[in-house]
């Protein structure tokens, strides 16, 4: 059966510092690196044909580190489609080498929710300034965005169409897919896969560096139980 693996990136340096991150391109912390490798061990025996990540380095690092322990021994290779000379110069000219790679596609549509004017701000300081209730609304409501940022609803408006139009066709071709992305972009996708209501999705928690695995069969997504 075709597999769909979703994974929130490992702890980032700003997760560690308790700062709102959003689209700021922050790398993994040392703990995040360990989480990504440990998560890789949990999926090391699952077949993977294609990898999708966001355009942010913490998701890309997570995918690469997770694949470093995969039993296939195949090498994840970032594609540079549409990037002019880089696309041409990054070509692989050995069919044997090509067969031992797994394509990695980066997409901004899978980026974390954009937190606007909260980005780079300490979460506790923000609660003191605006009140814990207001910050909770910004973080956990479905349709209320932070100042100049995205709500979860707005995030879903880009992640779900990308998933349906770009990723699902590969699943239907029986390709096993691994997506390394972010808490909110993955929550919005899981909302679709599990048929969650808006009240349910805002309560959904995704731990860093923990895979969520689905079996895909004839347009049906069956979540594997832990």
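Cβ from N, Cα, C; glycine included.
Features reported for this protein in Swiss-Prot:
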type	residues	note
BINDING	8-15, 21-22, 58, 112-115, 123, 139-140, 183-184	substrate binding site
ACT_SITE	9	active site, tele-phosphohistidine intermediate
ACT_SITE	112	active site, proton donor/acceptor
SITE	182	site 'Transition state stabilizer'
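Nearest by CA distance to residue 22 (substrate binding site), out of the recorded positions 9, 112, 182, is 112.
In the structure shown, across all protein chains, 9 is the one of the recorded positions 9, 14, 113 with the greatest number of other Cβ atoms within 10 Å.
Taking the recorded positions 8, 123, 182 in turn, the residue surrounded by the fewest other Cβ atoms inside 10 Å of its Cβ turns out to be 123.
Long-range Cβ contacts of residue 183 (substrate binding site) within its own chain (separation 6+, distance under 8 Å): 8, 112, 113, 206.
Checking the recorded positions (9, 14, 123) against residue 182 (site 'Transition state stabilizer') with a 10 Å Cα-Cα cut-off leaves 9.
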